[in-house]
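Copied from TrEMBL, the annotated features are:
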{"type": "DOMAIN", "residues": "22-114", "note": "domain 'Ig-like'"}
{"type": "DOMAIN", "residues": "119-206", "note": "domain 'Ig-like'"}
{"type": "DOMAIN", "residues": "224-310", "note": "domain 'Ig-like'"}
{"type": "DOMAIN", "residues": "315-391", "note": "domain 'Ig-like'"}
{"type": "DOMAIN", "residues": "397-483", "note": "domain 'Ig-like'"}
{"type": "DOMAIN", "residues": "488-576", "note": "domain 'Ig-like'"}
{"type": "DOMAIN", "residues": "589-688", "note": "domain 'Fibronectin type-III'"}
{"type": "DOMAIN", "residues": "693-790", "note": "domain 'Fibronectin type-III'"}
{"type": "DOMAIN", "residues": "795-887", "note": "domain 'Fibronectin type-III'"}
{"type": "DOMAIN", "residues": "888-981", "note": "domain 'Fibronectin type-III'"}
{"type": "SIGNAL", "residues": "1-19", "note": "signal peptide"}
Amino acid sequence: VALLTLGLVCLLPADEVTGYGPVFEEQPVDTIYPEESPEAKITMNCRARANPPATYKWKLDGMEIDLDAGGSHYSLVGGNLVISKPDKTEHVGQYSCLATNTYGTVVSREASVQFGYLDLFSSEERSSVYVKEGQGAVLLCAPPPHYPAELSFRWILNEFPTFIIPDKRRFVSQITGNLYISKVDSSDRGNYSCIASSPSISKSVFSNYIPLEPQTERPIRKYPADLRVKFPDTTALVGRMSPWSALLWGSNPVPEIRWKKIDGHLPSNHEVHMTGTQLHLYNVQFEDGGTYKCEAINSKGKDYHTARVSVEAFPEWVEHIRSTEKDLRSDYTMSCKASGKPNPHIRWLKNGEPVDRKEMRFSSLTFDDSGMYQCIAENRHGVIYASAELRVFDCAPTFEHNPVKRVLAAKNGRVVIECRPRAAPKPAFSWSKDTELLSNSTRVFIWEDGSLEILNVTRADEGRYTCFAENDRGKANSTGDLLVMDSTKITLAPSNTDVKLGENTSMQCAASHDQSLDITFIWSLDGRVIDLHIDSQHYERTTNGSSNGKLLIKNVQLKHAGQYTCTAQTPVDNITASAHLVVRGPPGAPGGVRIIEKTDKSVTLQWSRGADNHSPISKYIIQYKDQFSNDVWKNATTFPVNVEGNAEMTTVVDLIPWTDYEFRVIATNTLGTGDPSNPSPIVKTLEAVPVVAPSDVGGGGGASRELTITWTPVKPEYYYGPNFGYIVAFKPQDEQEWKRVAVADPQARRYIHKASDIPPLTEFQVKVKAFNVQGEGPYSLTAIIYSAQDAPSEAPAVVEARALSAKAATVSWMPLSYNNLDGYQVKYWESGQSEGQAETIAVSSRENHTKLENLRPYTEYIIEVRGYNSAGYGPPSHHFRVLTKKPPPKIIAKKVKGQSINIAWEQVEPMANESSIEGYRVLYRPEGQTTGTLYNTYKRNIDLPLPPNGNYVVEVRAHTEGGDGATTTVQITGNKVILSGGVSAAQSLSVLSLLFVALLCLNL
């Protein structure tokens, strides 16, 4: 590369005339090319700003690409590399762009080209998954071959787009794609399909459906908490979001989930999602590293998992190179420093080529040292680049672009007149005032960079000042004026002020100044300038003349206390005056709350005093929050009762044993109550023997030879220790010795004692108490209950069962003489069906008959009757059979003719064992009455007069020697006819009932 050499003449700044080296404005990025892409090309972008314009080259895996080779897939469009008809065997790799002009070469960051694909799922049918309700299930996704590795997963249930929403029971692993269901219930039944999506190539594929078949288990068993999906030891990156998941497996009841940081509090930047199963840390910082614990607890047990979180970081520049111009033969060091974890490795490039140096240190620069330099910092998480141009030059001094300027100075003040010619090598400097040559004295100094400093400025210092610069290439000078103005003085300084929280106050400030200059007042608090616009809620400047800078402070808060400084400033000088504002208010929050001793019912707290805010602390309030308080802070009872303001320790009493507590301390003085301290670490009080007994002890009933004892369980806050359960004691009323049984389930509500020697309906005394690992608590009050009675031992005798109609029958039986009978069960089913398909009716013990309805016409039913009580069912009666009647005749036509209506029906055909049809009877009556006009006919139709008003009913039935059949009912209202479908029983017809369907036609 030919580099431009500068010398003899000093030109304009580099970016104005002489040009500059390449500076990247766009660099290539990692590219995933979908193998199925319809666009058969890849474009890698590269653009650099440069003067003269840059030319471009590209490298693949460090080797320069020959863009002119025959049959090449590569072409250059501007600086962009276009790959036509990409080929996986040729074009995969790491690409970099080189931009070059006369000032040097820079290399872009490397960018990869990879070919992405996502195959279809296997077409093999997925096997059904069978699992008992209450247990856990996992549905395997088994994603197909793909690249890149990153996929996202979702599941659908039965049909798209019914997506499974992850919650406390269901979790989709974004690593394996598997769907985990921690506690299966009947609502989970269905067909599941896994959707795998590749965001890199915008493609999704569906798996075949996986049937899930929950198996009913009654009663559903309870299982201890079981963490199945556990987050591994993890490396998180600073500034990123880091999620961790934990899935509960077959846990019943659903446990409570808690997250903890073992070596400190959970970071403030954490959030818990999915009802506790996911912990997210946002904007991770180094202090968030440590060991995290997920704990799941239910009444059957607990499980926990811990993992280590290490925090690392991308490389980040602490100091990097910048473009510069340096004198020929001067010394110069380029500096690059980067932070990161692991510590980044730093390497250098000059004009795109590696430089084997740890640092770029130059002594006696030459023109050959000019060029484009790059500093590269890299660790396993990433790489960053910094580029700069170094230009070495020499020239005679010139003030063409930076002459000595006119300067204003304040009387009795200090002034510096700058002399900054462009020159290389560095020139020698001298100064004159008017015609007098100046030299260093007690008031006048010529700095090494050529600037002139004058102390204790007087009117006599006014005049024209000339700077002379000379090196071995030549010399030059420049002249500027110095004007001396009156100095600024504070005439009214702010004074120390003492106020109470919420009051208003002001700070005075006034100054005299040279009237030809503008003056500005600037206020600062403890060195921070007050922005009167942003802080207008509390600060306001009064407008009382240009020389008055009074500051009004409204609704003073504790944060407004401190040192206020008023600065009176002109273009020439400034002067300051300060005063303190003391704000008296409620105390600040105490610090360092910790537990130094604990028992089962008390803890001793210690804390550090917070700020009293200039009013002595009078007392402290101690508050607590436990695992049962739903995040509500409550005032604690202490010993002594009143915690004095000079205390830094107290004992909190009346606590509950074996309970997690947090404590905080609040200070109070005469001006109010301050903010609470940060909570103490969570502490669990020691275990103790239970003192609360179960309530509502009772029971009785149940199956034969059983004694059922019930109670209301003790609330969890009164467990007082692990291994909590109940001791159930019982004995017959006339015996002295109690029988004791332990029940280990803390949520148990009953115990059933079974023994063949328990007599029925015998009086027992029962009582229950709680126990834990520390011992047994007090018994409940003694209750009187009775053992279960025996089930009935006799079967009812069926007296009669007969059909009422095509759809109804009646059954009656002889009552049982059993004293403790709760009722009767009537079971009936169709002949030819299994008894398992039977239907049942419960009948009161005071009744001995019932009606069976909604039966099938002309169907034989089997009927049995048995008695029952709380002990169970007695033996069944003998089976009795009944045949329902035929359906009524079927109406086939209807027609209104003038003032009459014609109704027709199908002919009824009797069965072989039935009497022949002798005719039909038609009863025509007003609605609501039982009597009317009865017609007998041998025909299968009849004409009836339309009623003049009101509603009438027509009943049609077949007549035989054995009696009348079932009835079809038709309702007539004016010229409207309505089929009611009613069927009534004949009194003496032995044939089946006959079905009528009324079809009524109106004259239009």
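Placement of Cβ uses the backbone N, Cα and C atoms for every residue, glycine included.
All annotation found in TrEMBL is predicted automatically rather than curated by experts.
Per-residue confidence over the domain 'Ig-like' (224-310) averages 74 (mean pLDDT, predicted model).
Look at the domain 'Fibronectin type-III' (795-887): DSSP puts its residues at 3 helix, 45 strand, 45 coil. Secondary structure of the domain 'Ig-like' (22-114) per DSSP (helix as H, G, I; strand as E, B; remaining residues coil): 4 helix, 52 strand, 37 coil. The residues of the domain 'Fibronectin type-III' (589-688), classed with DSSP into helix (H, G, I), strand (E, B) and coil, number 0 helix, 50 strand, 50 coil.
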